[in-house]
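The next block holds one structure in the form of structure tokens; read it before the comments.
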Amino acid sequence: GFFQSYAVEVEIKDASNATCLYADWMMKFLITYESNSGDYKTTTLNLSSSVTHNGSVCGNDTQAALVAVQFGEGHSWSINMTKNNETYQGDFITLTYNTNDTAVFPDARRKGPVTVSVRDPLHPVQLNTVFVCHDSFFIEAENVTQIFWNVTVEAFVQNGTVSKKESRCPTDTPTSAPTVPPTTANVTTASTTTLSPAPTTAPKPVENPDTGNYSLKSGNKTCFLATVGLQLNVSQDKPLLININPKTTVADGACGNTTATLKLNDGNSTLIGF
């Protein structure tokens, strides 16, 4: 699956109508749940086109800032942030998903809201500095993988103006452009400019993908085994071929009584589920 999701933009203002917290990001969730038949299935929870941010607060020296968003059929997500004299930092990230949403959880055995909390693993950011991370990063807790990309956030904004000073995540570079995770509707290919006409040559054929060995264990026994070379063909104006590199691809998933799910993450914004 290529990433497909909506962006969220939240701007919180204080009593004087000055901006005190700004956040703009994209996210989605991979959730493993138990079905009525006792099997475990993995589903994708995306943001909807309509997102509210009720309950978000500015925060101050004694109170944490809070970004809280609500979306879809009873789902919500929040992060609270605290500061000291020099830095601010995320504290806890909390996701509540509602298995009564039959479009996402069509056969869930457990009905109703489920809450998962995890500590924010990112490092502190200097005050009056915007944290920026265009590259995707993952946070795993219990049966949920949270995926974030194109993140821009500043808490405890000073003087009502979002700072122009940036703190980048390690995988970004100061000159990197915003990364839009590819979909079949927006995949583009890079181009280069030369000072003289390039000779006409036949296009270089795409090599066959390397074969990878991917497996899952249930206890001490292997319950899912795949030996496969994977190549994605994304068609738009021109076909884009993507080889999945087994050396950088991580396998995850779960085995049930009659079904099994294998998730492959190539570390480059591509997730594939079997």
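Cβ coordinates are placed from backbone N, Cα and C, and glycine is handled just like the others.
Here TrEMBL annotates a disulfide bond for Cys133; of Cys58, Cys169, the partner residue is Cys169. For Cys169 (disulfide bond), other Cβ atoms within 10 Å of its Cβ number 15. For the domain 'Lysosome-associated membrane glycoprotein 2-like luminal' (209-271), the number of residues in each DSSP class (helix H, G, I; strand E, B; coil) is 0 helix, 38 strand, 25 coil. For Cys133 (disulfide bond), the same-chain residues lying six or more positions away in sequence with a CB closer than 8 A to its CB are Phe148, Trp149, Asn150, Val151, Arg168, Cys169, Thr171, Asp172.
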